[in-house]
Amino acid sequence: MDDQQQQDDWASNRNNRLPSFTEVLSRRTRPPVDLFMFYLFLQREGAEDILDFWLDVQQHENLCRAYFKDVRKSGRTIKEDWPQYWDYARRRGSIYGTVVGLNPETKRSTASTGELLSEQDRRNLAATDEKAAGRSTSPRLTPGISEHTRVASTSPTNDRPSTPFSLSGRTPTLFNMKRASRAPTVIPRSSAITRQDLIASAERIFFRYLTPAGNTVNSQESHEIYLPPSLRIHSFPLSSSAEPKSQSEMAIMAQIPDMFHGQKEYCFRAMEQDAFPRFLRAKAFGNLTPISALVRLILGLVILWIGLATAFSLVFLDVKPKSKRFFLFVPFTLAILFLVSHQYELDPILVFLGQSETTPFRTLRIKDPYVKKLLLGRAIWVSIVVAVIVTALTLIFWGVPGHRL
């Protein structure tokens, strides 16, 4: 009963505010402020790699959780099945503490990372943990591993101190790379998850997102993302095609479940502080894509030129009756509507039809109640502005006395 009350309170509160970034990532929002629209927004900026990385790491962590749960369901403890990881988790802490059965007081250290998510946000993200399987990998290369679980508490040397989490203005970075996005591959769980599956998942993430394109066998598989120096992983000494045997390899393998967590939280903060506010401005206060808005600007200028040319012709040719000038409201209305829609990045007609653009000239229905209310208010304002300007132009050219040249 309490859970139902909490859900009702959350739904009621959600209808009176914009969604948080965590709610978008956990797929608890509706169009046009859902994960699909956020992905398209990043794709237009050539910045979808960072979201791909976050989602792939989330899948990797879900795969590790599924492995730990399978072990416990088999009647064995994690300490018996994977003693190296157990020792590593007890010494360094792990995000899987409750899953593997560590003491409740044993928590992952946050001295350098801080609390990046609130408790409510973590519960929201946890709702997606059971929905994912692992990812396929492309095994290659085998160099050494570096420290990777820390997030810099201060800005790195190569970063701009004032905007340590900016997603733009860095080179090279995935946000300057233009490419078509690739859908991730999902491994169906037709059999029990093994530790080799965990290595394969981590290996694919490393070679796809953390390795420069020139260092891979197939450069098309590499979509390197920007990370500060303290979070970069320079090598991956394990291979999914060979089982670790030496003590050093077993020790490195124990880090696989938590390997990308620091990088994942850095990417979360980067998207939350840079891309997500711009996404909300674009989709909660507008319903046009940049290309569509530009097309409206061009059409508006052309139609305005036609309307003004017609209006001056009617005046200087002294066309009778004068009431014919009232028909000027047609080109003036189209022109001003297109120009004001470009200025506000909002088409009031689409809003009144309950539509928002996904890609240029393709729309979907607005389902988020709060966003619908915001857009409806702005659409009414845009309509009033258009009506006032059109009325003023029409009356001016109607009232000017004709004078045949």
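Cβ atoms are placed via backbone N, Cα and C, with glycine included.
TrEMBL lists 24-82 with the feature domain 'RGS'. Predicted-model confidence for the domain 'RGS' (24-82) is 92, expressed as mean pLDDT.
Sequence annotations record features per position, and here TrEMBL assigns region 'Disordered' to 106-172.
According to TrEMBL, the compositional bias 'Basic and acidic residues' annotation covers 119-133.
Annotation source TrEMBL lists compositional bias 'Polar residues' at 151-172.
Long-range contacts of the transmembrane segment (297-319) within the same chain, counting only residues at least 6 positions beyond its ends with a Cβ under 8 Å from a Cβ of the stretch, are 325, 328, 331-332, 334-339, 341-342, 393, 397, 400, 402-405. Residues or ranges marked as transmembrane segment in TrEMBL: 297-319 (among others).
Positions annotated as transmembrane segment by TrEMBL: 326-344 (among others).
The transmembrane segment feature in TrEMBL is assigned to 379-400 (among others).
Sequence-distant contacts of the transmembrane segment (379-400) (same chain, at least 6 residues past either end, Cβ-Cβ under 8 Å): 307, 311, 314-315, 322, 325-326, 328-329, 332-333, 336-337, 340-341, 344, 346, 348, 351-352. Under DSSP, residues within the domain 'RGS' (24-82) fall into helix, strand and coil as 42 helix, 0 strand, 17 coil.
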